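K.L.:
Here's the feature list from TrEMBL:
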- 414-435: region 'Disordered' (REGION)
- 38-59: transmembrane segment (TRANSMEM)
- 180-200: transmembrane segment (TRANSMEM)
- 212-234: transmembrane segment (TRANSMEM)
- 254-271: transmembrane segment (TRANSMEM)
- 306-332: transmembrane segment (TRANSMEM)
- 344-370: transmembrane segment (TRANSMEM)
- 376-395: transmembrane segment (TRANSMEM)
């Protein structure tokens, strides 16, 4: 049991170091952009190309977000394959290359990679303990992924719900105690090192039942449509881009990634630098009411996030999704003057986030915990489930489940995928982008 605790502490410590390293990289990019904004036209393409080259050489297998890979390992029976996916080398690559992506202006986050990093650490301890029982191995991977999420956002409850709703789609009684223990220890480690902070800061807002709840309806529909459309586009891109673009991605992936970097820089210049990176600064400013952004912000951030994904570089979608959702909420808020300032921003955030991930409970708990406010829980739940329903109309199958299933399809050995995944997709003949 003590080794589990050591693993949980390491997950929390790694998440904290990842966060600090990522923040320093974002600060470096900000100084660079302030010095000469147009220099991003050189830095972004060169950086994207270098990162893609690294994912194909030194850190092969580190592409993508990390969540689909973690989900896929929970459905594999051949643990020789799992051992090749959840490695410390790939985990190190996730950290280094995600941070390099932040320097280069990619619209990515560290939360998705933190899930695979946490799963890799706990899987390593599972191997160290010589576990042979498949259920025990899966519970360690599940707990590690949940702990990585919890430590990245400093949201222990969200990590537990994420493990149940997104990673495993079920709750195994045998694994529950271990998962809870590892998530709690990892979360306590993160709090000890970084303090009991909240992502958005404390929000003393409320949404009383009545006319203010029109914001729930509007945010749920708009956020669900926007998030669902993004998920549908990502799924389409994972099957292969059409025409000459798809051929370029297949035949010259490094050049294609450089072009994605150039497009990211152009979008960044149009947005005056607001679309670079995670979007945390912009989301926090919108929530606090210290800055206001036009509708073009979340539209451009949406495009930048999509281009960053298509490039195939490592990086997650959670933090940029929160920024896009905050932008949507801030834009809607100006048309609803009778609502509490900041409240609609939270509704927009949970709506878009849920629209992308189609995990209403996880979305609700994450937003509730990052703003340290339980008063808005009912409104957040209502908005999340409405956005979930709208998103399902646009994108009938959950994003991460489909991406995980497509990742399983890339495995050479049939033994790697003995269990059918939900939302099975037909095989595609076009080049698949890294997931």
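Quick reminder: no glycine exception, Cβ is built from N, Cα and C everywhere.
Map these features onto the structure and tell me what's around them.
P.N.:
Within the same chain, residues 48, 51-52, 55, 62-67, 93-94, 97-98, 101, 106-115, 153, 199, 215, 218-219, 222-223, 226-227, 230, 233-234, 237, 241, 249, 253, 256-257, 260-261, 263-264, 267, 278-280, 282-283, 286-287, 292-295, 297-298, 344-353, 356-357, 367, 370, 433-434 sit at least 6 positions outside the transmembrane segment (306-332) and bring their C-beta atoms closer than 8 Å to a C-beta of that stretch.
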K.L.:
Okay, the transmembrane segment (38-59) and the transmembrane segment (344-370): do they have at least three CB pairs under 8 Å, pairs separated by 6 or more?
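P.N.:
Between the transmembrane segment (38-59) and the transmembrane segment (344-370), which are separate recorded stretches, there is no contact, as judged by 3 or more close Cβ pairs.
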K.L.:
Could you pull out which residues elsewhere in the chain have a CB under 8 Å from any CB of the transmembrane segment (212-234), counting only those six or more residues past its ends?
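P.N.:
Long-range Cβ neighbours of the transmembrane segment (212-234): 298, 302, 305-306, 309, 321, 324-325, 328-329, 332-333, 336, 338-340, 343-344, 347-348, 350-358, 379, 382-395, 398-399, 403.
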K.L.:
Which sequence positions outside the transmembrane segment (254-271), separated from its termini by at least 6 residues, show Cβ-Cβ distances below 8 Å to it?
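P.N.:
Those are 33, 37-38, 40-41, 43-49, 51-53, 56, 104-107, 245, 248, 296-297, 300-301, 303-304, 307-308, 310-313, in sequence order.
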